[in-house]
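**Student:** Right, I'll just put the structure down here and ask away after.
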Amino acid sequence: MSPGKVSNLNFEKFYNIIDGKQRGSDKIHHGINPASGQELWDVPIASEQDLNDAVAAAKKAFPAWRDTPIEKRKELLGSLAESFQSYSDEFISLFCKETGKPKKFAAMEVDGIPGLIGFHRALEVPCEKIEDDEKTVYTEYSPLGVCAAICPWNSPLVLSVGKVAPALLTGNCMIIKPSPFTPYTALKFVELAQEILPPGVLQVIGGNNELGASMCAHADIAKIAFTGSIATGKKVMATSAATLKRVTLELGGNDASIILPDVDIKKVAPEVVMGAFRNSGQVCVATKRIYIHSSIYSDFLAEMVAFTKTIKVGSPDDGDNMLGPIQNEMQYERVKGFFADSKAKGYKFAAGAPDVQASGTGGYFIQPTIIDNPPNDSRIIQEEPFGPIVPTQPWDDLEEVIARTNDTSTGLGACVWGADVEKASQIARRLEAGSVFINSWERITPQAIFGGHKESGIGGEWGKTGLLAYCNPRVIHVYKS
Ligand code: NAD
């Protein structure tokens, strides 16, 4: 065993983890390495019985975990973070295989996990005194019980651990269902946690969409923390309504970036490109519409195109690559649909080409592509491609571009770029989005609540406010005489 490691984990075998134990299944599936098209390791598909057993184990574990002092829960989360860190290399390698992300970006995501847990460990569950006179009234926050995390494939570790840390800190038990496209790192993370946490506190069951639906219907699950598409989010809410579960829904977006005429074009254009194309556009808060002031439209677009042409796309192992593949075939075909539609409608490809070329490696690679000034009602403006293709449009009138930015049923993120920060801030306050960035692309931080307006979600995660989404408020009224 290497120094600092608490146990030897096998990174070639994967199990569901129920009541502290590894469990296989008669039914298995496997992920595909999106950079090569190669099949990855078998993973078990959890049955209804597995789900029921996991919920029963969580229910059994809950009272003792709830009553464990918060300092002790924080200590155990700290041990989990340390233990995870000792396996950093193995998790980076596994993460590259399941997501296809270039190694340096995979490393940033994996190495950020201990910090994400550490941030939550620094939080306190509040207790608010409302009145302290002839009677005392205070609000305390108690855990909900058994929670479930239903996760997507684009950032499988951050989006799982970002649910686990606040849930466990506040005294809940958690069952994770990773995406069937990227189950590996979440399964291994939970396996690792069994060395540290009591059985039933943190469990993982792999499976397909039906398993997610069964979790939403389960009478003994108190909350679903869901990240994924808007369409699925609506199903999660509808199914959860039967048992009046709490839901937190982190859904898709169609973020706009407004570029004011006074920006430093050479500096800002490459940043805006990165905001659109990082992780090949497979980011919920990626920039998906770019509105450039008409006085600088041609120059700004030319800089964007020049920078886009320098971006290298390829397999995780080549250190120069900025972008990896699309994570799965279904999404690859969906993104290609935006290329086909833009080609059929005769839109101008300022960077990239109308026909997506096969990469020759069997991987789902797409060169980053900019569509120059498609109409407002085009598919590429109206929908979230979740891939490396982004439209630009000019604007002249500030009121009009604010209206254009807000003219969508989504409201996850938005950006405003301008040398006059006060002016940019005034615009930011008028945008209907959960996170607005001034002179930056969408860099979310665990210190702040992250959630969407409109159809981009219900509630939010992270930050102090995010903790409370794992709690029921309880008001205590003490009459002193
Ligand atoms: P998806 O909605 O297809 O799947 C997400 C998860 O839901 C998967 O685990 C899936 O198995 C499960 N699921 C599917 N049907 C279900 C059902 N009926 N009931 C319960 N669970 C079900 O999403 P995806 O394709 O994995 O992820 C991409 C989408 O996620 C994009 O739209 C993106 O914008 C969004 N996203 C949002 C955020 C955010 O925080 N707001 C972050 C990342 C991704």
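Backbone N, Cα and C define each Cβ position, glycine as well.
Straight from TrEMBL, here's the annotation block:
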DOMAIN    29-475  domain 'Aldehyde dehydrogenase'
ACT_SITE  Glu250  active site
**Student:** Work out the three-state DSSP category of Glu250 (active site).
**Tutor:** strand
**Student:** Taking the Cβ of the residue listed as 'active site' as the reference point, list residues of the same chain whose Cβ is under 8 angstroms away and which are at least six residues distant in sequence.
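**Tutor:** Same-chain residues close to the residue listed as 'active site' (Cβ under 8 Å, separated by 6 or more) are Leu159, Phe226, Thr227, Gly228, Cys284, Phe450, Gly451, Gly452, Gly457, Gly460, Glu461.
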**Student:** Take the domain 'Aldehyde dehydrogenase' (29-475) and average the pLDDT across it for me.
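**Tutor:** Across the residues of the domain 'Aldehyde dehydrogenase' (29-475) the model's pLDDT averages 97 on the 0 to 100 scale.
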